[in-house]
Amino acid sequence: MSEGVWCPPRARGPLDAEVRIPGSKSATNRALVLALLAEEPSRIEGALSCRDTDLMIAAIRELGAQVEPQGDTIVVTPPPRLHPRSGRIDCGLAGTVMRFIAPIAALANGDVTLDGDEAARVRPMAGLVRALTDMGIEVECLGEPGFLPLTIHGRGRVRGGRVEVDASASSQFLSALLLAGARFDEGLEIHASTPVPSLPHVAMTMEALHARGVEADVARVSVLHGGETPTDWRVHPGPIRGGRIIIEPDLTNAGPFLAAPLIAGGQVRILDWPENSTQPGAHWRELMTMVGGRINRDDDGHLLSQAMGPISGIDQTMSEYGELVPTVAALAALAVSPSTLRGIAHLRGHETDRLAALEESLTRLGVGAQARLGSLVITPRPPSGAELDSYGDHRMVMFAALIGLAVNGVSVRDVEAVTKTFPQFVDLWEAVVATGAA
Ligand SMILES: O=C(O)C1=C[C@@H](OP(=O)(O)O)[C@@H](O)[C@H](O)C1
Ligand SMILES: C=C(OP(=O)(O)O)C(=O)O
């Protein structure tokens, strides 16, 4: 990816914008893998088109699916049996591709090597590799053990049964097993041996399975810290249905647009906000209220975010919705009081070590920031302009955009990183900020 520098625009006045956010990355990539495993064709409507979904399309084609993108609809015809074509899958930097495809590759007849960007080679895979190996699947790590590149020696079938997984580094290990489990001879009974982050994403996986007629449930919950947390899941063996599925807008990617009026004043309306959603971004409503915004879903189903006054700092455990942290960190930097974001050690294995990237970027801007093992403390001070890095991470571009609304002289290197999930981001952002110039 090239090294384009973007200077995000400064807001000149209160915003007044309406934004349609493209489809959810997580939902699109779940729909694509289930379409590969289904017994009949699927029609995925409202699908996202970005680097991560392009990589997933290439991956399912590699395993034999026929894929026809038609605008924001993708029609997938699954193969009768999974056969690798070239035997190589490029995962780019997509966690969903490297994790979701690994157990599916074991169902293919032949070897499949998964590799990706250099930065992908340090993203955790060990918990998943261990679970696959425990199930008798032959996984060969070609570099460092527990990391890409790795080869799955597929034998055309997987017995399944009971398996334990340490998904503390990524909920995607668990989602990956759940997504493939119905195609294993005995289905799967999965026990999570450690707390799982990003639980809404696991609920999203269950929802995607149910939408495709798969019998799957939470088999056990434990009471932890006063709340109920699932620890065991079951997926029954059986066919996966195809047919039509509609993808919700990506609520995580809506976050910077919801946050913008809190910084610049005015209002932003996000069109077609689902009433209920398993996406972590469903939590924006409470989070934006906590930091001092006003947010309401109107009768037409649109979500309106409005400025109310100064931004307040928060002390919040964010393990369930860690994907939202870079946007919350930008708001925290511009708040009138300090913030502590907790329970986010797993962000160190995201597109970049996000705790280190946020600490470094905030420090460059002159804002107080301290990354601890699993938390980030932000002490606001008036930021000054700085050249920031995207670290190859789409969400760090969005972080820079938010800071740039309030601060002159902010720029971000390697803005192309944003195409990972949101190729239209820069154009949409500039159009939204321009509504404040009148
Ligand atoms: O299953 C998914 O689609 C995702 C799960 C989460 O991963 P982690 O549990 O690794 O945070 C999230 O951060 C990622 O962006 C998407
Ligand atoms: C962590 C993220 O992505 P991935 O699906 O690559 O893990 C993200 O989009 O914030």
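In case you wondered, yes, glycine gets a Cβ from its N, Cα and C as well.
Unlike curated records, TrEMBL annotations are generated automatically.
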For the phosphoenolpyruvate site that TrEMBL gives as Lys25, Gly95, Arg123, Gln172, Arg395, Lys420, the extra residue out of Arg212, Arg220, Arg354 is Arg354
If I take the Cα of Arg354 (phosphoenolpyruvate binding site) as reference, which of the recorded positions Arg30, Ser198, Glu323 has the closest Cα?
Glu323
Close to ligand 1, in the sense of Cβ under 6 Å, among Ser171, Ser198, Glu323, Arg354 as recorded positions, are Ser171, Ser198, Glu323
Using a 10 Å cut-off between Cα atoms, which of these binding-site residues sit near Arg395 (phosphoenolpyruvate binding site): Arg30, Ser171, Ser198?
none
Among Arg30, Gly95, Ser171, Glu323, His350, the recorded positions in the record, which have a C-beta under 6 A from ligand 2?
Gly95, Glu323, His350
Those residues of the chain, 6+ apart, with a Cβ under 8 Å from that of Arg30 (3-phosphoshikimate binding site):
Thr96, Phe100, Ser175, Leu179, Met204, Thr205, Ala208
Mind giving me a neighbour count for His350 (3-phosphoshikimate binding site)? Other Cβ atoms within 10 Å of its Cβ, every protein chain shown.
24
For His350 (3-phosphoshikimate binding site), which of these recorded positions sit within 10 Å, Cα to Cα: Gly95, Arg123, Gln172, Glu323, Lys420?
Gly95, Arg123, Glu323
